[in-house]
Amino acid sequence: MSDKKIKAVVAGASGHWLPSPDDGAKAAFKDADIIVIPAGIPRKPGMTRDDLFNINAGIVKGLIEVAAEVAPNAFILVISNPVNSTVPISAEVLKAKGVFNPQRLFGVTTLDIVRAETFVSEITGKATSELTVPVIGGHSGGTIVPLFSKVTPSVTIPDDKYDALVNRVQFGGDEVVKAKDGLGSATLSMAFAGFRFAEKVLKAIKGEKGLVEPSFFFSVPVELGPNGVEKAVDALGDLTDKEKKLLDACIGELKGGIEKGVNFVKNPQK
C-alpha cells in the first residue's frame, strides 16, 4: 500500500501477535482514531462462526486490551468472527479497563446487508446502488434476520423465492467456503463491507450527517456522528409474520453468543 500514489500515509508495525500481542500491537494502535479488527482464523468447510470461538476469542481479547491501553478513545470496529461473541468480549475488556464507550464500539455486520442487497438485486432486477435492505439480529446463520418488507425502494419478493432468499442471506458465507474448497472464506466481500463501514465512520467523524449502518450486540441500524452512535433507528415496527418468526428464532441463539463472550472474560478457564 505504501507504494501506491495515494494521499494517505501508510506505515506498518511488526511484532508477535500470538499468544498475546506485544509492542508491535502497541505501535500500530497508539493514539489511533479508528481501529479495525479482522484478525483471526478463517472458516473451513463444516465450520460455523462459533467453531472459531476458542481461537479468535483470545486474539480479540488481547488486541482490545492493547487498544484500551494506548488508544482508549478510538472507534473500534470488530469484524473477527463470531461477532455475536467477540463484540461482547470487547465490551467486557473495555469495561474492566474503565474506558468502555458504547458509542464507539461496533460489530461490523455490514456484509449481511451487502449480500442481501446483492441477492435482492438479482431477483428484482434493481441495481444494488438503488437498494437499501435492513438486516437485524446477529451475524451468524439463524441470527441474521433480513427485513425484505422494509426494503427501500419497496420491492416484492415472490413467495416461492422468499425462504431460499432468506437462507442465502443467512448462509451466504458457507457458499464461499465451499467454493474455495476450504482454502479461504469471504475475503474480498468482507473487505468491501469493512471498508464501507469504516468509510462512514470517517465521514461521521468529520461531521457528515445521516450516515446509517448496522451495529451493536443486537444489530439494528444506527446513525453515526462525530462522537460515534447518535441514535439507534427503530427497525422492529410493523414486521411481517415471517419476519417475526425469524426474529423469534434469532433471539435465543444470539443471547447464547453474547453470554458466551461475556463469560469468556468474566470467568476465564484456567
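Placed from the backbone N, Cα and C atoms, the Cβ positions cover glycine too.
Quick look at what TrEMBL lists:
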DOMAIN    24-107  domain 'Lactate/malate dehydrogenase N-terminal'
BINDING   R43, R49, N81, R115  substrate binding site
BINDING   N56, I79, S80, N81, M190  NAD(+) binding site
DOMAIN    109-265  domain 'Lactate/malate dehydrogenase C-terminal'
ACT_SITE  H139  active site, proton acceptor
Consider each pair of residues in N56, I79, S80, N81, M190, all listed by the record as binding NAD(+), and report the largest Cα separation in Å as a whole number.
17
Residue pair R115 (substrate binding site), M190 (NAD(+) binding site) - Cα distance, angstrom, rounded:
10
Within 10 angstroms of H139 (active site, proton acceptor), Cα basis - binding-site residues out of N56, S80, N81, M190:
N81
I'd like to know the mean pLDDT over the domain 'Lactate/malate dehydrogenase C-terminal' (109-265).
88
Which of R115, H139 has the fewest nearby Cβ atoms, counting only those within 10 Å, among these recorded positions?
R115
For N56 (NAD(+) binding site), what is the tally of other C-beta atoms lying within 10 angstroms of its C-beta?
23
